[in-house]
Amino acid sequence: MSVLIDVQGLGKTFTDTTMRLGPKRPPVRAVESVSFQIHQGEALAVVGESGCGKSTLGRLLLHLIEASEGRVMFENRDMSAMSRHEIRQLRQRMQMVFQDPFGSLSPRRTVADIIAEPMDSFGLTKSRKDRREKVAELLDLVGLPPSYMDRRPRQFSGGQRQRIGIARAISVDPAFIVADEPVSALDVSIQAQIINLMQDLQEKRGFSFLFIAHDLAVVRHVADRVAVMYLGRIVEMGTKAQIYSSPHHPYTEALMSAAPRPDPAARSNRIILEGDVPSPSNVPSGCPFRTRCPLAAEICSVERPPLIEVEPGHTAACHFATPYPIAQRSPAT
Amino acid sequence: MTEVLAEAIITEPHPATNKWADVWRQFSHHKGALIGLLFFAFITLFVLIGPYIWTLDPNKLDIRAKDMRPIYTVLWNGEARVGWNHPLGTDNLGKDLLAQLMQGGRTSMAVGWTGMVLALFIGALIGVVAGFFRRLDGPLMRFTDLVLSLPILPLLLVAVTLFRESLSQMLGIETGMFILIVTIIGLTSWMQTARIVRGDVLALKEREFILAARSIGTPNNKIITRHILPNVLSPIMVSATLGLATAIITESALSFLGVGFPPDFPTWGKQLADAVPRMTEYPERVVLPGLAISLTVLSVNYIGDGLRDALDPRIRGR
């Protein structure tokens, strides 16, 4: 599998640019030195609490906002070095599915217009008839009757709208889709349908995925690999099995214990985190998680823990994460 | 479950109809708008077709028939000078009031509409550009503030004295004045629209479907025409109704000051202004054109109101 997206030291700092008198608000470090790769046909899930920079990360990857540091390589081409025209051409290869199915579809346009918009932008619709045929095909693909194409978004339920959003995203056959919490605004009963749909489509079309979520149960179904974010940084990343069976970062562990489990007997050992997430404009020194970490020691406030590899393909940023023994590491290197 | 329910709701009352039929159905539920539309149609026909039916020359002087009262005065004053040849009476020079009202209405409506369209165009353009392109926001809105802070009336007087002669010579006195007045009204009343539209565009720009359009690769000009403009239609519509009112009233104010159209060229505003000195003796000369102005403005306001509701897909179909 070749690397589709290579993120290198990506960061985004929002600064106060308003022309007000008086002191400026401190800059907000939304994303800081994030690096990872996404392979072709792979689904990477990013999880974390609200405000940890997940959505910003997704938008950075699509170059919807400018990165303040680092770069994103898409098919080995640096996006920050591209001209606006090249970026626009690239939009055909990368699409987005949004969180809010009510806000992300323009209320005054018909479903056909909404779904065909990406194709229109890239001149992929030859005639009216061709356009309608393609829209009908896409509607069918996402499980909606093609006869709905002349209706407006308000006539649909949340789940149906999300299907429309997905049809729009896959209409230009992209190589990469960022799904920004695509199911968190939906009823639980519908979440499963949408997730299954997305997985089906991924199998059929073979695109890669960045799946942003705050719900570990959802991630478990979708992801090949999982990245856990806290205050703009990736604190742990690994395959789904690694993260779920042997989390190495205390934050990941706390997140896991917070995921609801259907079996009441298994609900015993919840890890309750104290306090709130610190403001991203005032990140604690050293390890950003130390203010809430049950394991925090002196070293945590002095030194920022680097991401270390604890087993092949599994990294964690914690001073107490134990790397796998050297004996195990040697055959790999 | 929800899916099934939603489907039932969709399929039942909305067989995917024509959009404009939908709009009309919603519009016709709005009683005020319907009455407004009827009255507006009436007054438009009145000024457009009226002069062909009531063929009396509005500028014909007939000193012997001066100061006649409207027919209905007979109801409470048997001695009033009335006659069916002048159903609404005449003024102090013997000009027929009904004919003047029709002729004046033509001018007032033409000035109102053109001035409003011009102001709307400038306002919407500046508002959308300022709201959409962040870099132009500051300069354009400060410019708007600047124009807003200019004292309009002295400006109008200066503009009229400066350009009246040259425009009259170029295009003839009536067309020249018309263009001058409409331009002045357009150039001095777009600011409210610009501010309202900018505010709305700023809010719209943060909505997810605009981000969605950008992530899809829709170019900026298409984002504006496809996604922004249709959604700022309702505030524009409301400004339009208010703009028509302001345009008619500004024209009246100009006529009142004596810098508007030439004296033998009636407009509602001028008729009203001319009649003010003898208001107590001949109230109809103030009341009738005044009523024409306010009812027109009111009906347009109601039409705008109904249209806004009808065009809003969130309200439509409730």
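Even glycines carry a Cβ here, placed using N, Cα and C.
What TrEMBL records for B:34-54, B:110-133, B:145-163, B:169-190, B:232-257, B:286-304 is transmembrane segment. The annotation domain 'ABC transmembrane type-1' is assigned in TrEMBL to B:105-304.
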Name the range, of those listed as B:34-54, B:110-133, B:145-163, B:169-190, that has the largest tally of Cβ pairs under 8 Å with the transmembrane segment (B:286-304).
B:34-54
May I ask for the residues of the chain that lie six or more residues beyond the transmembrane segment (B:169-190) and have a Cβ under 8 Å from a Cβ within it?
107, 110-111, 114-115, 117-123, 126, 147, 150, 152, 155-156, 159-160, 163, 243, 246-247, 250-251, 254, 260-262, 265
Restricting to the same chain and to residues at least six past its boundaries, which positions have a Cβ under 8 Å from a Cβ of the transmembrane segment (B:110-133)?
140-141, 143-144, 178, 181-183, 185-187, 189-202, 204-205, 220, 223-224, 228-229, 232, 236, 239-240, 243-248, 250-251, 267, 296
